[in-house]
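These notes concern the structure reproduced below.
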């Protein structure tokens with residue numbers, strides 16, 4: 001579309017835009033007012049019921065695992081036992097308040113934003129969709145939030161606690177603190193909280209007007225000049241919405257800075273323990289204010305450095321810690337931004353170019369993984385590497401290691417094989433999709449997972465596996481423990497080189513560890529339950545599992561329970577038609 005040039009053209013574009021924007025805004029607010037209370041009730045009642053219902057179990061199991069674990073030394077263990085009552089007592093209140101605030105925010109803004117998103121869609125009847133979009137989906141997503149919260153409290157929590165209480169390897173030392181350093185650490189903590197929390201909050205509040213004005217200035221320039229992300233007509237309504245909501249973003253940044261200030265203050269105890277010096281701890285309390293100020297200056301493109309003093313808080317300041325890296329990241333970000341400042345309006349913020357360089361979302365990555373698991377699961381099921389006993393044990397007894405860990409690990413390993421052969425710089429997840437560092441989801445969790453996968457891809461490329469070895473690895477991943485090279489002696493693996501075997505076993509173990517960490521995420525749990533239904537349906541269609549005349553239990557067992565197999569199940573009475581319906585239900589990912 002033609003971009004307005006000149007003051008008169010830009011002014012007329014702005015005036016003609018206002019009625020259209022006001023109508024959308026009023027409709028969105030009306031939808032938010034109607035849908036919001038229902039969302040608040042769903043999230044508050046659902047999440048608070050889970051938090052309060054499992055509260056005593058969490059208290060008992062937390063203390064049991066902390067006292068049982070050998071991964072923590074006795075000094076740190078006693079300190080933890082003494083400090084645990086505070087977070088455990090506050091947990092129900094935090095869950096209720098968080099659900100209330102989250103329900104209010106999500107219930108109001110989700111329908112509001114959905115109203116504006118209709119303008120950018122290809123719907124023929126956009127007027128109708130402006131009224132209905134964001135209503136049912138918001139209610140459905142709020143139910144998904146409650147379901148995910150239940151999975152976190154019931155599955156993820158107990159999984160973390162089980163790992164904590166597991167036996168520690170013989171060559172691993174427990175995490176502990178020195179008893180002689182403990183009084184120094186406890187002495188510094190209250191000083192740091194009293195000094196750093198108010199000052200960091202003050203710095204954030206003082207910088208908030210700059211953030212507000214700079215953001216408004218840029219958004220208004222893009223709105224009136226139709227540049228940057230608002231070049232296209234369908235994006236113009238978002239400009240006005242972004243201008244209205246920008247103060248909320250600034251307020252959220254200030255609140256986030258206040259919350260993070262407690263963590264920055266508590267880190268002073270770590271400095272004291274590492275340096276064995278109260279002097280360095282006190283120096284850190286002063287220096288962290290300067291580090292935070294410089295970091296915010298870099299993010300807001302203000303002057304470099306800080307006006308606050310930064311005393312030396314390490315014996316060897318060349319050894320960077322997390323806060324130094326934070327400041328370094330801020331500097332790097334600013335340098336990169338300055339290099340592209342001249343072309344930002346034309347390239348970086350162009351909606352058309354952003355569509356050409358597609359940024360994948362976590363939802364797309366999750367969908368790829370579980371679609372791959374469904375395809376590979378059917379193949380392995382037909383080849384006998386997954387049998388009906390594995391599916392029944394997963395549903396009835398909760399023993400899901402082969403389906404929840406080994407099957408996704410094998411699917412990811414196949415992706416690594418294809419990526420190593422393609423000379424790709426990233427991961428080839430399908431014939432038309434390549435996941436690289438430039439288009440991977442901007443999500444720290446996915447960066448933690450995908451970074452090691454890229455390293456393993458290079459390791460596999462260096463091993464130069466033959467087709468026979470790749471084919472044999474399928475059985476080794478699904479059937480063997482892969483602890484030591486001798487485990488493969490009776491497997492028929494072509495290579496007798498123990499070093500080569502150990503390298504492959506290390507890759508498999510690391511993949512299974514990554515999948516094990518992913519399995520604690522609520523999104524994984526939701527999609528995994530659907531995967532089990534698909535595999536069970538495959539067994540029904542193959543005639544391996546007989547279909548009783550009366551059924552209807554699978555949906556209750558797989559969807560109604562917080563963890564598969566946690567509740568007692570006496571039989572696998574399944575109605576085939578019900579499973580077919582279950583497997584076709586779309587899942588929302590939060």
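From the backbone N, Cα and C atoms, a Cβ is placed for every residue, glycine too.
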Key: 185-216, 281-312, 313-344 - the one TrEMBL records as transmembrane segment   = 185-216
Inquiry  = Is it true that the transmembrane segment (236-267) and the transmembrane segment (100-119) have 3 or more CB pairs under 8 Å, sequence gap of 6 or more?
reply    = yes
Message = What residues elsewhere in the chain lie close to the transmembrane segment (74-94), defined as a C-beta under 8 angstroms and at least 6 residues from its ends?
response = 48, 51-52, 55, 58-59, 62-63, 66-67, 175-179, 182
